[in-house]
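Report on the following structure.
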Amino acid sequence: MNFIKKKIKPIENNPNLKDADYVLFILVSVLIIISIIFSYSLTIYTVEFFGYDQYHFFLRQSLVGIVSIFIMWFLAKTDPDRIIGKISWILLITFSLLMIAMPFLPGALVTASGGANRWIRLPGISLSPVEFFKIGFIYFLSWSFHRKVIHQPKKGLLDEALLLSPYFLVFFGVVFIIAFLQKDLGQVVLLGVILVVLLIFANRSFKIFLALGTIALVGLVGLIIAAPHRIKRIHSWWAMVQDGILSVLPAWAEVLRIDDLPEPYQVSHSLNAIHNGGILGQGVALGNLKLGFLSEVHTDFVLAGMIEEIGLIGLIFVVGILFCVVWRIFKISRRVENPIYHLFSLGIALMIIIAFLINSYGISGMIPIKGIAVPFLSYGGSSMLAMALAVGLVLSISRLAKDEIVKKNIPTKNVNNQVNMNINKVKVR
């Protein structure tokens, strides 16, 4: 650890900036290495099916992983006051414009999925703008809440609604871009939860959250009804869980039971993979469900593929590292005094943990599948690069957090000098 700590020493000679949180850097780097290992282990069938080289996914993920670690290392050496605002505004503006323009771009420049253009084709990589947009959006909320919301006293429901109405309009714009143009409801849910939690930490009235919850529920139902593919996904999910739910609510069985519904193919095999893994797993590269049964095993269903090979104990270890990452970021958020950095770090931690929960609940059949990648573990360049960029910015913030903790516990020279000046004034009088 001392070696890593020396390697991420500050670039500047600014005495107010300390070393970054190198433990966070190490934890994320370990997750990236695990992702690289499983990008080879879980794609044995996929490379054969598509005729790729045996190391196709491994080499691509290795390159992305190395670049991601370098991004974190570089940002960990920078002054947050100089780079966080600039990078975040660039991400927000650039990638929001890209998402708006993508439906109108020629097919040679975009990659379609589920009838929506979600990726921009670049040489050697496909880029998902929404992954980078989320970072800019979280910064926008943090910056704006600090300026307009956080210092306002709690008010009645109507006054709270008027105060927050600009943010509702902005979020409706985000819903239109992501849910309608990108057809990605999962990301809307993720950003909506982050918005609500940041409002809680911005000291808003509890009444507004009840109103927001009601509006969000109605809006979510409306977005589902408006898209046939979402209704089909709900039906597939209900086919799997209705027996268990209705056994607890027998009085509702006749009303809610729907017969002749097809069970979700992917989730069924995901549960089989979890069952096959057991406590200790089949061994790395020895899983069976990846052999054509679970087609997205290295991306959306990477947790199912991992648990089949390393078992429940192995997955607990990996998930434990991920939760340590979130805990370190929460710790940084709690210890930094700058309100913008406090909310931004909190938002990044929420982005990681909510994405993990949505994915893990989806592959286990608890909620419908949303197609959100597991942070740092799923195969894919956009998700890993964006997450590395987000953590890199938090590492930069962590340099201020350590400095401010020292200031709280140790009297500064400025305070002592001020006391001496006051004593001298008294003596002169």
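Including glycine, each Cβ sits where the backbone N, Cα and C put it.
The following features are taken from TrEMBL:
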{"type": "TRANSMEM", "residues": "21-45", "note": "transmembrane segment"}
{"type": "TRANSMEM", "residues": "57-75", "note": "transmembrane segment"}
{"type": "TRANSMEM", "residues": "87-105", "note": "transmembrane segment"}
{"type": "TRANSMEM", "residues": "125-145", "note": "transmembrane segment"}
{"type": "TRANSMEM", "residues": "157-179", "note": "transmembrane segment"}
{"type": "TRANSMEM", "residues": "185-202", "note": "transmembrane segment"}
{"type": "TRANSMEM", "residues": "209-231", "note": "transmembrane segment"}
{"type": "TRANSMEM", "residues": "310-330", "note": "transmembrane segment"}
{"type": "TRANSMEM", "residues": "342-364", "note": "transmembrane segment"}
{"type": "TRANSMEM", "residues": "376-398", "note": "transmembrane segment"}
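Annotation: stretch 57-75 has the most Cβ pairs under 8 Å to the transmembrane segment (376-398), among 57-75, 125-145, 185-202, 209-231, 310-330. Long-range contacts of the transmembrane segment (342-364) within the same chain: residues 84, 88, 134-135, 138-139, 141-142, 145-146, 186, 189-190, 193-194, 197-198, 201-202, 267, 270-271, 274, 300-301, 303-304, 319, 322-323, 325-326, 329-330, 332-334, 336, 370, 372-375, 378, 387, 390-391, 393-394, 397, each at least 6 residues beyond the stretch ends and with a Cβ under 8 Å from a Cβ of the stretch. Of the candidate ranges 87-105, 125-145, 185-202, 209-231, 310-330, 310-330 contributes the most Cβ pairs within a distance under 8 Å of the transmembrane segment (21-45). Beyond the ends of the transmembrane segment (185-202), by six or more residues, the same chain brings 130, 134, 137-138, 141-142, 145, 149-150, 164, 167, 171, 174-175, 178-179, 208-209, 212, 216, 220, 223-224, 227, 230, 342-343, 346-347, 350-351, 354-355, 358, 370-372 to within a C-beta distance below 8 angstroms of the stretch.
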